[in-house]
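Accompanying notes for the structure given below.
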Amino acid sequence: MIVTENLDIAYDQMVIVKQLNIEIPSHKITALVGANGSGKSTILKTMARLLKPKSGHVLLDGKAIHQLRTKEVAKQLAILPQNPTAPEGMTVTDLVTYGRFPHQRGFGSLTKQDKEVIEWAIEATGMKEFAHRPVDQLSGGQRQRAWIAMALAQETPILFLDEPTTFLDMAHQLEVLNLLEELHEKERRTIVMVVHDLNHASRYAHHMIAIKKGTVVKAGTPMEVMQPHIIEEVFGIQCDIIRDPRTGLPLCLPYALSRSKKEQVHHIG
Amino acid sequence: MNGVERRKNVRRFSILATFSVLILIVFVISMNTGFSRLSPLEVFQTLFGMGTEKQELILFEFRLPRIVISMLVGAGLAVSGCIMQGISRNALADPSILGISHGAGVMVVLYLSFFPTHLDVPVLFLPILAFFGSSLAAALVFGLSYEKHEGLLPTRLVLTGVAVAAGLSALMTVLSLRLSRELYQFVAAWLTGSIWGATWDYVLALLPWIVVLFAFVYYKALVLDVLSFGKNVATGLGASVSKEQVKLLAAAVGLASACVSVSGGIGFVGLIGPHLARRIIGPNHKYLLPASALAGALLLLTADTIGRTILQPSEIHAGIVVAIIGAPYFLYLLARSNH
């Protein structure tokens with residue numbers, strides 16, 4: 001389980017996150033949602049020890065993650081950052097192979113187990129037919145799946161993803177989200193992701209954390225978080241919440257900017 | 001999957017073999033050509049101890065050390081460039097573009113201006129001196145291009161490097177103005193990149209550095225691969241990014257300084273060598289590092305051979321020959337990196 005304790009995060013002098021206390025439930029899909037610049041991505045990166053907090057702790061199974069050896073953390077937690085790029089000409093198999101890095105020593109020859117995991121990760125993400133293609137020649141959705149395969153090859157109980165569906169078209173977005181859902185169902189992995197689309201969060205996540213200016217406005221199930229007054233506070237829009245006729249889950253239908261937002265827009269205009 | 005891997009390895013092996021054969025061919029040509037021409041037969045006779053005294057002198061005391069030095073310097077600069085490109089994720093990074101060679105140059109010139117007869121310079125001491133200078137330049141350039149949250153900024157790195165290189169070569173020229181004419185010529189030669197330290201002493205001074213540092217870097221091949229994904233992915237995979245970057249950068253600076261202390265600021269080898277190798281053999285450093293070394297050795301040996309022979313009896317510095325090839329290649333790289 002991952003918990004943050006009184007986390008303060010700052011870029012140079014600018015404080016982005018203040019006194020953050022959140023809990024990431026194990027074996028569930030958690031979605032961090034919030035407007036642009038709300039600090040959700042910063043929080044994700046800090047929880048994954050890519051950024052150092054100004055003060056406070058991130059606890060991974062009770063231990064401060066920033067004090068642990070980074071290689072040990074990499075066996076517990078894999079993170080797929082936003083827009084990762086692979087060196088030109090690197091094939092999918094090569095890319096996925098580097099997911100074994102935390103388990104390798106020194107020169108890095110692959111054991112039988114390493115090879116099995118790599119093959120499994122490629123298969124699980126449906127990348128088998130592209131296994132020997134260069135990553136830079138794949139479509140956006142395929143590329144994202146290749147990177148997820150790399151993260152899977154790390155064999156970690158926890159998987160973080162920073163906006164895994166951004167820049168993808170609708171079909172590719174669903175492709176990635178379905179893959180994550182499947183991974184959760186089959187492997188019971190703890191998945192934490194930053195998503196822009198509220199309805200995706202509601203549909204795929206079990207737990208949602210709505211963030212505004214670096215603080216939590218509301219954390220809970222999609223039913224608890226997807227409420228008009230919360231959405232208005234977090235995103236500055238007015239919306240109707242209806243039930244998805246297929247799943248019964250809440251759907252957000254925005255219809256107007258909030259009054260305060262409107263005034264801002266008028267001032268700018 | 002294993003079949004594909006095996007085929008790939010065969011391919012990689014044959015690429016490395018091809019490079020080696022090409023080096024051997026240029027090696028033989030280079031042995032044959034020069035101020036006094038020797039036929040291939042005479043070369044082989046002399047190599048096996050059946051030549052005249054004059055032939056032995058030419059081959060063993062003049063030509064062979066120079067050939068060996070060119071190859072070592074070419075390999076060292078290319079591997080240094082390969083490391084810098086890997087950790088900075090910028091295909092334009094190389095010891096001369098980043099001003100690191102120039103840092104070494106300034107140190108060498110400073111030393112020579114205090115102890116003016118450069119014939120007496122303790123050659124084993126030069127690489128250490130050069131390392132000190134280039135470390136200062138590297139610390140400056142990389143320090144200015146490092147952002148706490150982003151890691152190394154690839155574009156800023158090259159811009160800073162170009163500025164530092166320009167400043168340091170100006171400094172070298174200023175320093176050399178108050179030296180003797182002989183030393184001024186030495187500095188001028190240094191700046192264009194001539195292989196001036198072409199005796200066995202210099203080979204001995206250079207060889208251990210290249211061998212030890214290459215072994216260290218090769219051991220880190222996997223880490224270099226991981227670093228070339230950038231700070232975030234590399235950290236996520238469990239690499240101690242800053243620590244590894246500093247270690248590898250120190251090795252790259254060490255290689256460059258050792259080379260530059262006997263060859264002057266030869267540019268472009270550290271740029272073209274690894275780039276060529278990467279295009280042929282791919283981004284995996286386990287193969288890319290040796291391929292870069294071989295490509296660099298081939299490149300500089302060829303350039304020095306051409307420079308030595310094309311305008312006989314005068315010589316064109318190897319650095320100039322490399323620049324004639326390197327400058328257009330550099331422009332091509334710039335044009336290509338825009339999309």
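Every residue, even glycine, has its Cβ placed from backbone N, Cα and C.
Features as listed in TrEMBL:
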TRANSMEM  B:12-31  transmembrane segment
TRANSMEM  B:67-84  transmembrane segment
TRANSMEM  B:96-115  transmembrane segment
TRANSMEM  B:121-145  transmembrane segment
TRANSMEM  B:157-177  transmembrane segment
TRANSMEM  B:183-203  transmembrane segment
TRANSMEM  B:210-229  transmembrane segment
TRANSMEM  B:249-276  transmembrane segment
TRANSMEM  B:288-310  transmembrane segment
TRANSMEM  B:316-335  transmembrane segment
Six or more residues beyond either end and a Cβ under 8 Å away: which residues meet both conditions relative to the transmembrane segment (B:12-31)?
38, 40, 43, 59, 63-64, 67, 71, 280-282, 287, 290-291, 294-295, 297-298, 301-302, 304-305, 308
Report, as numbers and ranges, every residue of the chain located at least six residues beyond the transmembrane segment (B:121-145) whose Cβ falls under 8 Å of a Cβ in that stretch; write 'none' if there are none.
88, 95, 98-108, 110-112, 115, 152-153, 156-157, 160-161, 164, 168, 197, 201-202, 204-206, 209, 249-250, 253-254, 256-258, 260-262
Count the CB pairs under 8 A between the transmembrane segment (B:96-115) and each of B:157-177, B:183-203, B:249-276, then give me the winner.
B:157-177
Based on Cβ pairs under 8 Å, which of the stretches B:157-177, B:183-203, B:210-229, B:249-276, B:288-310 lies most in contact with the transmembrane segment (B:316-335)?
B:249-276
Six or more residues beyond either end and a Cβ under 8 Å away: which residues meet both conditions relative to the transmembrane segment (B:183-203)?
61-62, 65-66, 68-70, 72-73, 105, 108-109, 112-113, 116, 118, 123, 126, 169, 172-173, 175-177, 261-267, 304, 315, 317-320, 322-323
